[in-house]
Ligand code: FS2
Ligand code: SF4
């Protein structure tokens, strides 16, 4: 196998993914990507004609989402995606659409899993080892990983009824182009186009979430628990949580969030459920320890799943695009097996009171106090804003982000989002004239909200975003972060500090372009970075 799509890669992962992905599954995911390229060539033309069946769009984003880090480790599930990609391609072919065919247009999947894996080895060579030069390969990979991130956002948005053909059009165009020759400039443009498309996908998701569940409002979330039966929900999907809350109503079960589901407590249409109690645990990389101690059922709605331990394998469930071999998958959103399991299990023996954390500082809440914030900046009471956000992970270098927040001076405000915040989410940072110093904007899926806050501030101060007293201190891990990064580049945002390490798929020359044009820099030490930013 050859995989280097995430931050924790062994650069590359070759024998077994650091994430736990088996080589066979990795090859099948490569084969799926290849099959999607063949499908995209036809879908692209059919969409242009306005004749594409929406099932192809929905399928494509789900299939791409399944190849994101820590989403689907189940070879059988990936195999089914491969067959379906080819079936849909043949359906489109049957309509007589004229395309410039590529090899992937005529790919025939083998019958057995073993043979498919062999075909996957070949697909892996095509995807990663047949490049014209390392810079084009690098840009192609940035595009591919961004597509996976875009697909995740587009899938969440589509689940709630928000779609835009421009997003699908780009996905097909990029997948099709990967099979053809394009020079460096072509691929540089493709990367920026990915950023633009991702902005649209995130905008759709923001409209989907706030349209259905209301704008998040500042909310205190207990970190303790209630005596009684329990289900913990992890991942990112608001709709799955809503369905589960409805299905558990009146059943004597408390529902808790884990990881990136924490911000769900701030949505009016979710927080109204009395049995939606609090937050359990921290970020994804701690799930083995935390789930083992949880006395109820566990539901994974999206990434990041890691190998379930035997101690909880029979009480963890997956849904949507998530999969782990041998773990029960809920296909139809009837969560009865999860509920029955929770009722069988002991639950928490008694109440545990504990501190609370504040969530719900998404764009609507923050911009609601924009006048006050501007006044405090003008009065010199707020000197600087830091957006300390992004993904968490297991590397020790990630303690940088905790230290950064601890050392940020008292007259600075920290905006945060995504699972990286669990390194400091329960710290008491105080407030500045009533404005909390730590503002949780939401999930990684809410990066759009943070961008809107920055754009609104730049408008209010009548300066460009790069001239604002705002610095982006980002941590990345998987492909949604890659997509967000391309969006920031597309928006012309400069001086981003990125860590804990730079992506392995960025070639030295591509990095030079990023540094020269956007002044992207790797994180150094907290003291050096703070000194450099605050002067
Ligand atoms: Fe965190 Fe994992 Fe949110 Fe990423 S829970 S690293 O894939 O999606 O951010
Ligand atoms: Fe390695 Fe990351 Fe790929 Fe997993 S997703 S195999 S950890 S590079």
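Glycine is no exception: its Cβ is also placed from the backbone N, Cα and C atoms.
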203, 260, 290, 375: which one does TrEMBL list with 236, 304, 391, 419, 444, 478, 480 for the hybrid [4Fe-2O-2S] cluster site? 260
Residue 260 (hybrid [4Fe-2O-2S] cluster binding site) falls, by DSSP collapsed to helix, strand or coil, into helix
When you rank 260, 304, 419 by Cα distance to residue 13 ([4Fe-4S] cluster binding site), which of the binding-site residues ends up on top as the closest? 304
Taking all protein chains shown into account, the Cβ-based neighbour count within 10 Å for residue 19 ([4Fe-4S] cluster binding site) is 22
Nearest-integer angstrom distance between the alpha carbons (Cα) of residue 419 (hybrid [4Fe-2O-2S] cluster binding site) and residue 6 ([4Fe-4S] cluster binding site): 15
Under 8 Å Cβ-Cβ from residue 478 (hybrid [4Fe-2O-2S] cluster binding site), six or more apart in the same chain: what's there? 5, 6, 7, 68, 69, 70, 149, 303, 304, 391
